[in-house]
């Protein structure tokens, strides 16, 4: 048997007809190829040797005639007259395109042998399959159009929303990634938190109603995560690798993609634009949420030789299959920069609300005033003690939101967010806030917060305040605790501070010394900077969680479980007193031994451990900040101004920003040019020069009157001290929280140090800035800056 090569048909199409005829012509040719494949070889030979036209010649002739009737023979004005398709010439007399000789494929090139084992289909079955294929494509097309036309329904108030009217896929079918991408696109045009939460809630409800098994993947992608933070799973792809994937997927050069990225400042927009200008003959299967999520996890697992190439190819396969706005949001997800004005907390709130509408298990507790608000609160609270979507989401679906606290508990081996303290400016303020309440004061150590889990199998896991796994960084800590825990202790979770310590001089060393230690795979024999563990809380002991117990009980459990060894493991130095003079002396003593100040905690009233919360039941008092704003702040340099005079050649001042967690944006708060030694200024200028970008990020909020000379990628975190905070018409920090139209700025900011232990998104939040402003003793309307601050 012989069959027509479809690829050879298609190669001849461009030389036979204009671009508008291609779709008509190609479908005819595919049908012709199947019909001719059933002709016997002998019949073909007779037809070719006969003086009459062959079957192929007749079919081609008919196709040309049909194409001429459907499309007028006019000059193609849609492309440049200087550009010609391959195999075309320009007739000078007629001024129209004609097919040059030799461009048609030879008959033998159009025929290829078919395996004898293949059973030829009848013409009827061939035509029937063509119809099915066409119907499937039409159905896919209509499903996409239907989804785009319906996506606006997600903006309805949840009470008025019907998931069945929104879904464009059958129950049990995988959720299309386009659905999530279109929902993201809808959110991108909104700024109100309530509207954004409603859209997310309705999106999640639609997934629950159709394909609940896809909910975990949908929640992870919405939160722009691929795994729990403590697992340390990251995509591990740089911008250059993503650029390569985009260029190869969409037929662009890397230089072209880089140029567009510089112009647009958003690789997602570059990917979307590249896809929109690319035509494809054969469309891959549409992406699903699960396909994207599973591929992300596969990318994260790639390691070793050629891992970057493998990651790039996986990304490319996803990009090739994208359509509409999918390239934009797929690329941003790959960059872990979704930037849609909502955070993981918003996703949790939406998840809780979606569960209420899907609730089939139980009714809300009696006297629940607002089930939606209560459900959102429950999911957020559960996430603080068990931050694992893979556990929470199935529990939510099977047991309901009201039972979630019973089914999802604090678990050994899964770190919780640390309880944090609010700043205060003096001992008198402490006594005023803690009237008639027993409280204790502890030294505030200048080290690295650590949450240490000791498993029942005898292994340790050490986590940072951000749930990063630091076990390999502190092997000496694990050895010390193994030696000093009492035999009765089989498992525990310890909250403590790991501090650099000189054992010969019996002296606490500054944080800067601690930061010189290697961060991964540390060998005990190579350690040059020793550390001491200062323990102040016990959250779990021998299978029993203690976070609901008051501090007095937790601390007793701590003291009973370990032996102290000075320089290796010590309990935080503490005193319980409400005498103002005694507390002042204790504060001075803490500073003398190298501590930052004091942490003041309620002892037996309102004294439970509140995970991931900056609580009024813990206060911090820093000696250096009693005459300023009460605390230092951690800010991100997002731009700079060229230096003049003796600072020529370096940056003379930097524009700093705080971070708004809910809006996912950096908001300008001050310019800083003081606190730098010449060496530090050179170092910071050199470091940030490699982070210069052409235009500010879309998620930077800066006043119109500020015109920096250069903009930076948000990469560094600087600890800054200031005299006070003021309302500012120039800066955008906390706009809308204290003043509806104006932001907050720092007066007389001074750089203290670079915080290498923090990511930009972990900088001081706009909400914290507002809290500091409101806590100022002299807070009055005249405390306002009319112009720019230096």
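For all residues, glycine too, the Cβ spot is worked out from N, Cα and C.
The annotation region 'Disordered' is assigned in Swiss-Prot to 64-142, 757-790. Swiss-Prot lists 68-75 with the feature motif 'Nuclear localization signal 1'. The region 'Interaction with target DNA' annotation in Swiss-Prot covers 337-346. Annotation source Swiss-Prot lists active site, N6-AMP-lysine intermediate at 444, citing sequence analysis. Here Swiss-Prot flags 505-512 as motif 'Nuclear localization signal 2'.
Taken through DSSP, the motif 'Nuclear localization signal 2' (505-512) splits into 2 helix, 2 strand, 4 coil. As a whole-number mean, the pLDDT of the motif 'Nuclear localization signal 1' (68-75) in this prediction is 46.
In the three-state DSSP classification, residue 444 (active site, N6-AMP-lysine intermediate) falls within a strand.
Tertiary neighbourhood of the region 'Interaction with target DNA' (337-346): same-chain residues 184, 187-188, 190-191, 193, 196-197, 200, 223-225, 329, 380, 661-665, 698-699, selected by CB-CB distance under 8 Å and a gap of 6+ residues from either end. Residue counts for the region 'Interaction with target DNA' (337-346) under DSSP (helix as H, G, I; strand as E, B; rest coil) come to 3 helix, 0 strand, 7 coil.
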